[in-house]
Each structure stands twice: as structure tokens, then as C-alpha cells.
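Below is one structure, written out as C-alpha cells; the observations come after it.
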Amino acid sequence: MKFELDTTDGRARRGRLIFDRGTVETPAFMPVGTYGTVKGMTPEEVRATGADILLGNTFHLWLRPGEEIMRKHGDLHDFMNWQRPILTDSGGFQVFSLGDIRKITEEGVHFRSPINGEKIFLDPEKSMQIQDALGSDVVMIFDECTPYPATEDEARKSMQMSLRWAKRSRDEFDRLKNPNSLFGIIQGGVYEDLRDESLKGLVEIGFDGYAVGGLAVGEPKADMHRILEHICPQIPADKPRYLMGVGKPEDLVEGVRRGVDMFDCVMPTRNARNGHLFTSEGVIKIRNARHRDDTSPLDTKCDCYTCKNYSRAYLYHLDRCNEILGARLNTIHNLRYYQMLMEGLRGAIETGTLDAFVADFYTSQGREVPELVD
């Protein structure tokens, strides 16, 4: 992978990630394909929304279908018929989400399979081996996602273990002679000094990109903004910056304003299946009765297949009848909305008009622009 940085507007950055399988324009949003599929979508449909890269889930793909089946197909690209870049998370966050059914030690994590209760052990080395089998273009180190809330001492211990796991991940990645890219993950909770220590340790190990982890796990939005404003300027400028698991459209806007290059989140697809649709004027709840006889499209500013061909009344009808097509059309729209938002942000950075773009984004929804600390 090669990262090119074209221009900046304030802290916001416009560039691209160049892979053998294709180029990813940044800032970029990655749709989430947890089990090797963006729910309800064919790869061609996902690509048509403007997606350059997808995210796959190491933990879930390891449990089902497993490494052996993946290697029989070649890799995850061949298995799911997506011949463009794929980033896979390491499984750390999913293990964190298991709660009481997992035990974290220095060696790794012991837990029971959420599928059949089988005892399983996952460590940095195994995570690297699984992601090698997946053929991930971007591999993430195995880390512990620091919970919120956590005391500073708890966050320090978690972060320092993640640093030790980062070194083990790097060593195993190199031992496997994996030709792809490996990203480090900055931890430290809401504590700036711990974030500094984490980044310093990761840079000493050396990675192809740096992710900010452990945010959007329950902390106030102001804390997320504060940590991003503090840590992003310290990340090496020639490396991509990835904010993991974020988020709402406004979170993408605020992340870009603070120098983030990459995002992922299940929100556009999950919300689509629940009838919550993003538009240039805010969120529409399509199952609300006021849409029952509305012949207008979801968003007159959207060029997606759904908005060009169907009315709000039809989408309301599909939702009320629990038709599969409704979830699919909603997903197409939400994914396209996210990609159009990223296209707009990239264009605004290129032309030096990001402030105006951000102001229009918020005012069109009747909201105030959040303060950005200089």
C-alpha cells in the first residue's frame, strides 16, 4: 500500500490509498461486511454506491466459515467476489464485546464461542494468521479495546498490554511474510497522556497506518473530539489515520475536520434495515405514517438507484409489509448517502471550501456547527 497526500484544508486531508487491487480516495468510508457480505447487497451493488474498500470481521469469519474454507477459495476476495481492497479488524473489539464470557490474560483471550459454546483461545499470533488467510489488504493488530468508563490506571494497564500485543502482531505478521499492510491501533481511553504513550510505542514498532481505537464506546462526544484534536496532529503525516467504528454522518464530518482519513461503521446498513434513512435534511423514519402517500423521493439531492426510481410511499409500503426489497432499497440509499457525503468532503478539501461545506451540512438540518479547537 502507498499513501499519497494531495492537499489539506485546516487539519482535513485529501489523498488516496493505492493498493494492487485498486485505489481508495480519502477521506474514505468503508461499508462493513461482517460475515463477508454487506447485508442484503451484492458486491456489484455495493460498488455502485461508490465504495472503494470494504471491512471484514476477522473474529466472525474465523468462527464461520473458518480458515480452511477461506484458503480453499483463495482468500476473502475470491470467497465473496469482491476484487477490490479489504480491511479486516483483528477481532479485539468483538472479544471486548463478549463481556463476561471472556477472560483476558497476557497471552491472549480465552472465551466461549457465541455460536456453540466451544472453548476458544485468540491471541495476536492467531489473529495475524487468520488475517493472512483472509488475504486482507489492510491487517489490524490484535489489541484490547479499553472500555468506558475506565480509571486512568485501568486504561494504562490495558493500553500497555495492547502495546505488547502490537509488537507480537508485528513480529508474527513479518514471520508470515505477509506482503500487505499492517496498521497499529492507538489506545488509552479518554486520557491524552496515555494516547501519547500508545502512539509513541506504536511508531517505534513501525506500522503502515495508525488507527484511533477505543472511541465511540460510550464516552461523551466532546471527549471523542478532544482526543482526536489531541492525537491526530501527532500521527506521522505520511501515514493514513483511521477512526474505528465511527459513525453517524456528523461524526464523519467532525473526524475529517480533525484530520481523519478512514472510517467504518455498521450504522448506514443497520439503520436502513430499521427504516432510519439519512438525507441531506436529516434522518427520515420511513415507517412514520406521514410517508404513506408521499410520492416524492427520499432525497432530491441523492442520485442513488432508490431515489431515482421509488417514492417514499413505496418504501413505506415495503417497510409496513416487511418486504425484503424494502431493506435492500433502504441500504442502497444509506450507503450512497455516506459515499456522497465523503465525495463532498473530498471536493471541499480540494477547493479549500471545507468550512462552507460543513456549515451547509449542519444548517440544512437545522443544527449548529460544533466548535473546532484551533
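Note that Cβ sites are derived from N, Cα and C of the backbone, with glycine treated the same way.
Positions annotated as active site, proton acceptor by Swiss-Prot, on the basis of sequence analysis: ASP89. The substrate binding site annotation in Swiss-Prot covers ASP89, SER90, GLY91, GLY92, PHE93, ASP143, GLN187, GLY214 and is backed by sequence analysis. Annotation source Swiss-Prot lists region 'RNA binding' at 245-251, 269-273. Under the heading active site, nucleophile, Swiss-Prot lists ASP264, citing sequence analysis as support. Taken from Swiss-Prot, the feature Zn(2+) binding site applies to CYS302, CYS304, CYS307, HIS333.
Packing against the region 'RNA binding' (269-273) from elsewhere in the chain are residues 31-32, 38-40, 327, 330-331, 333-335: each is 6 or more residues past its ends and has a CB under 8 Å from a CB in it. Other than ASP89, SER90, GLY91, GLY92, PHE93, ASP143, GLN187, GLY214, the residues of this chain whose Cβ falls within 8 Å of the Cβ centroid of the substrate site are, in sequence order, VAL95, PHE96, MET140, ILE141, PHE142, GLU144, CYS145, SER162, ILE185, GLY213, MET244. Across the region 'RNA binding' (269-273), DSSP assigns 5 helix, 0 strand, 0 coil. Residues of the region 'RNA binding' (245-251) grouped by DSSP class, helix first, strand second and coil last, total 3 helix, 0 strand, 4 coil. Counting only the Cα atoms, the space from CYS307 (Zn(2+) binding site) to ASP143 (substrate binding site) is about 41 angstrom. GLY91 (substrate binding site) falls outside any helix or strand according to DSSP and counts as coil.
Each residue contributes its Cα atom, and for the residue listed as 'active site, proton acceptor' and ASP143 (substrate binding site) those atoms are 10 Å apart. Listed in chain order, the residues near the Zn(2+) site other than CYS302, CYS304, CYS307, HIS333 are PRO297, LEU298, ASP299, ASP303, TYR305, THR306, LYS308, ILE332, ARG336, TYR337, each with its Cβ within 8 Å of the site Cβ centroid. Look at GLY214 (substrate binding site): DSSP puts it in coil.
Separating the Cα atoms of GLY92 (substrate binding site) and the residue listed as 'active site, nucleophile' is a whole-number distance of 15 Å. Taking Cβ-Cβ distances under 8 Å and a sequence separation of 6 or more, the neighbours of HIS333 (Zn(2+) binding site) in its chain are ALA272, LEU277, PHE278, LEU298, ASP299, CYS302, CYS304, THR306, CYS307. Binding of substrate is attributed in the record to ASP89, SER90, GLY91, GLY92, PHE93, ASP143, GLN187, GLY214, and the widest Cα separation among these residues amounts to 15 Å.
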